[in-house]
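> A single structure is presented below for examination.
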Amino acid sequence: FLETDNEGNGILRRRDIKNALYGFDIPLTPREFEKLWASYDTEGKGHITYQEFLQKLGVNYSPAVHRPCAEDYFNFMGHFTKPQQLQEEMKELQQSTEKAVAARDKLVDCYQDISKAFTKIDKSKTNYISICKMQKVLEECGCSLTEGELTNLLNSWGVSRHDNSINYLDFLRAVENSKSTGAQPKEKEESMPINFATLNPQEVVRKIQEVVESSQLALSTAFSALDKEDTGFVKSTEFGQVLKDFCHKLTDNQYHYFLRKLRIHLTPYINWKYFLQNFSCFLEETAEEWAEKMPKGPPPTSPKAMASRDILARLHKAVTSHYHAITQEFENFDTMKTNTISREEFRAVCNRNVQILTDEQFDRLWNEMPVNAKGRLKYPDFLSRFSSERAATPTATGDSAAAQRGSSVPDVSEGIRSALSLPNQELRPGSKPQSHPCTAASTTAIPGTPPLQNCDPIESRLRKRIQGCWRQLLKECKEKDVARQGDISASEFLALVEKFNLDISKEECQQLIIKYDLKNNGKFAYCDFIQSCVLLLKAKESSLMQRMKIQNAHKMKDSGAETSSFYSALLRIQPKIVHCWRPMRRTFKSYDEAGTGLLSVADFRTVLRQYSINLSEEEFFHILEYYDKTLSSNISYNDFLRAFLQ
C-alpha cells in the first residue's frame, strides 16, 4: 500500500491498482479497469484497505506476513499520512548514519594495529582476506562489526568483494582516505564533494539543493543526453542515476526519502527542466503546491519516433515476406564473405525492398541496426532480429510498449539456453504416457516451462523439402536414437538440417528445438516434428457464409474479449486440435486430479506444448484473456476444446 488512513490501515486507491497492473504488463481497456475497480470498491469510497484487497483475492490477512520488513522500511515506496510514522522513518535513517560514522572513527583510531594484523595473516601474499577473517581481525583490534555493518561500510567506500573476499589494501586505503578527509583544513574541506553517506535525513534535501545550484549546466547536459527528443521528461530511474552521479555516495534510501519529500515518489516520469528551474525555491512547507505545478505524464510520442516505428514495422514485414531474396542481396554484396555489408549497400537494399528513405530517416534507422566496430552492418544479426515472430520496436518505447504488449515472447537465444539446461524430471503423479501419434512421449510438468512457439511459417516452408526425403531423415534420426526414446540431441538435429539442406536459419532451428523439446530435457522429438511436416492437416472446408464459432457466452461462466488475434490463433490451430482432441482431453484430465474441469495456466501451457500446438506467447495471452476473464489463473479445458468441435 502507498498510504495509510487515520487509523493506520494501509489503503489502495484506483491509481495504485492501475500502476500495479501496468508494472506487471497486464493490459486492460478503461472499461475493463472500471469493472475491475467496481468489484473491489463496492461502497464507492474511492479507496479500499489492504485487508479488503487481500480478502477479495482470497488471501487471509496476517500482520506478521503482510507488513513491510523493518530492514526494507525506507525502500518501501510510499508516503505516510501520520506524522509519527514520518518521525520514526527519519529517526531510523539518522541512527544508521550515526552508526556508520562511529564505525569509521573506530577504524581510523586502530589503523596501525589493523594494518599489521592483515599483513601477518596474509601468509600467501595475495592481498585478499575473507570477510570472516576480516571481522575476526577487527574484533581483536577493538572494532567489532557485524557482517551487515561491515558490508554497508564497504559499499559506502566503494570497496568491492570477490568470492566473499576483500582486497585489504583497498580497505586500508579507504580507511586512510576517510582519515585524511577529516583532517583537512576548513578551506579545502569546502572544495571537496559532499559525502551524502554521512548526512542525516534533514540535511539531504538542502545539500542536494546546493549541488543542483552549483552544477546547473552539467546537470542540464546530462539530462539532455537522456532526453534525446527534448520532451523535458526522463524516467525516474534515469533521474535518480544522474543525481547519484553528482551527489557523492547518495544512497538509495536517501534518494527515495528525497523523492517523498518532493511529493514525486509516485511519478514514473520526472520533468527535469522544471526541476532545474524551480528546485532552488523549493520549501518543504509548500511541497504539495511545488509538485502540482510540475508537468505530469509520460513524454508525448514525437512524430519522429512514430515515423521510426513505422519504418521498423515495414522493414520487419519486408524481411518476413522476402527473407530469401533479401538474404541473397546481402550475400551478393558480401564478396569477401565477412558477413557484413556497408552502410550504403544496406540503404540500397532498403530502397528496393522497403521504401526510399530520406537522409534523416535512414540515419535514425541505421542507429537501430547491429553494426560492428568498423561501421558495417552485421546482416546475419539483422536477419535474425527482423525475421522473428515479433515486430521489432525501438528500445526507446520502453514501458509504454511493454504495457501495450501485455506478454512478449522471450528472446529465443535465452529460451533455448534455458530449455537445454532443464534437468530430466519424473512423470507427474496421475499422468500417463499416451500412445496416440499426436501425443508427447510423457506428460511432464516442470516449473519454468520454455515459451510457446508458433513455428507454422517455418514448418510450412519445410513441408515441400521434407516430403521427398522424410523416410531417409527418419531413418537417420532412429540410428542416432540408440535408446529408442523418440528424440535426439539438439546438435544432432542441427547436423541433419545441414546434411539434408533444409534451408532454415540458425534462429529458426532454435525455435524448432524449443517447440519440440517436449520432455523439457533439451532433446528434439523428431517423430512429432516429421509427423507435423508430413501429415498435412487442413482446416475443415466451409462455405463462404460459414465461419468458426466460439461457444455462446451463456455456456461459459465468464468469457473475456474476443479480439482479432484470438480468432486468428484459434483458426490456425483448429486442424491440429480437431485431429487429436480426444487424447488431448485425456491428458487434460490426467492433470485435473480433483476433477474440477479446470487447469492452472502452467499445466494448460504444458499440455499445449506436449501436443506441439503452434501458438506464440502473445497469442497464448489472448486465449487466457478470453477463457480466464476473472483472472482466477484457471482455464476450463472443456470450454477450450468445445470451441473447435461445434
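Think of each number as a place in line: the chain as shown, counted from 1.
Every residue, even glycine, has its Cβ placed from backbone N, Cα and C.
So Swiss-Prot lists these for the protein:
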type: COMPBIAS; residues: 432-446; note: compositional bias 'Polar residues'
type: DOMAIN; residues: 1-27; note: domain 'EF-hand 1'
type: DOMAIN; residues: 28-63; note: domain 'EF-hand 2'
type: DOMAIN; residues: 109-144; note: domain 'EF-hand 3'
type: DOMAIN; residues: 214-249; note: domain 'EF-hand 4'
type: DOMAIN; residues: 321-356; note: domain 'EF-hand 5'
type: DOMAIN; residues: 357-392; note: domain 'EF-hand 6'
type: DOMAIN; residues: 468-503; note: domain 'EF-hand 7'
type: DOMAIN; residues: 504-539; note: domain 'EF-hand 8'
type: DOMAIN; residues: 579-614; note: domain 'EF-hand 9'
type: DOMAIN; residues: 615-646; note: domain 'EF-hand 10'
type: MOD_RES; residues: T29; note: phosphothreonine
type: MOD_RES; residues: S435; note: phosphoserine
type: MOD_RES; residues: T439; note: phosphothreonine
type: MOD_RES; residues: T449; note: phosphothreonine
type: REGION; residues: 390-452; note: region 'Disordered'
type: REGION; residues: 448-646; note: region 'Interaction with PARK7'
type: REGION; residues: 552-646; note: region 'Interaction with AR'
> Quick test of the contact rule: Cβ under 8 Å, at least six residues beyond the ends. What residues does that give for the domain 'EF-hand 7' (468-503)?
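416, 420, 441, 461-462, 509, 512-513, 518-519, 521-528, 530, 533-534.
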> Quick test of the contact rule: Cβ under 8 Å, at least six residues beyond the ends. What residues does that give for the domain 'EF-hand 6' (357-392)?
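Here the qualifying positions are 304, 307-308, 311-313, 315-316, 319-320, 323, 326-327, 330, 334, 338-343, 345-347, 350-351, 408-409, 412, 454, 505-508, 616, 618.
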> Count the other Cβ atoms sitting within 10 Å of the Cβ of T29 (phosphothreonine), across every protein chain shown.
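Around the Cβ of T29 (phosphothreonine), 9 other Cβ atoms lie within 10 Å.
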> Across the whole of the domain 'EF-hand 4' (214-249), what does the mean pLDDT come to? Round it, please.
85
> Over the span of the domain 'EF-hand 4' (214-249), count residues by DSSP class, listing helix, strand and coil in order.
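With helix first, then strand, then coil, the domain 'EF-hand 4' (214-249) has 23 helix, 3 strand, 10 coil.
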> Provide the three-state secondary structure of T29 (phosphothreonine) computed with DSSP.
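DSSP call for T29 (phosphothreonine): coil, neither helix nor strand.
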> For the domain 'EF-hand 7' (468-503), give the DSSP counts of helix residues, strand residues and coil residues.
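Tallied per class, the domain 'EF-hand 7' (468-503) gives 21 helix, 2 strand, 13 coil.
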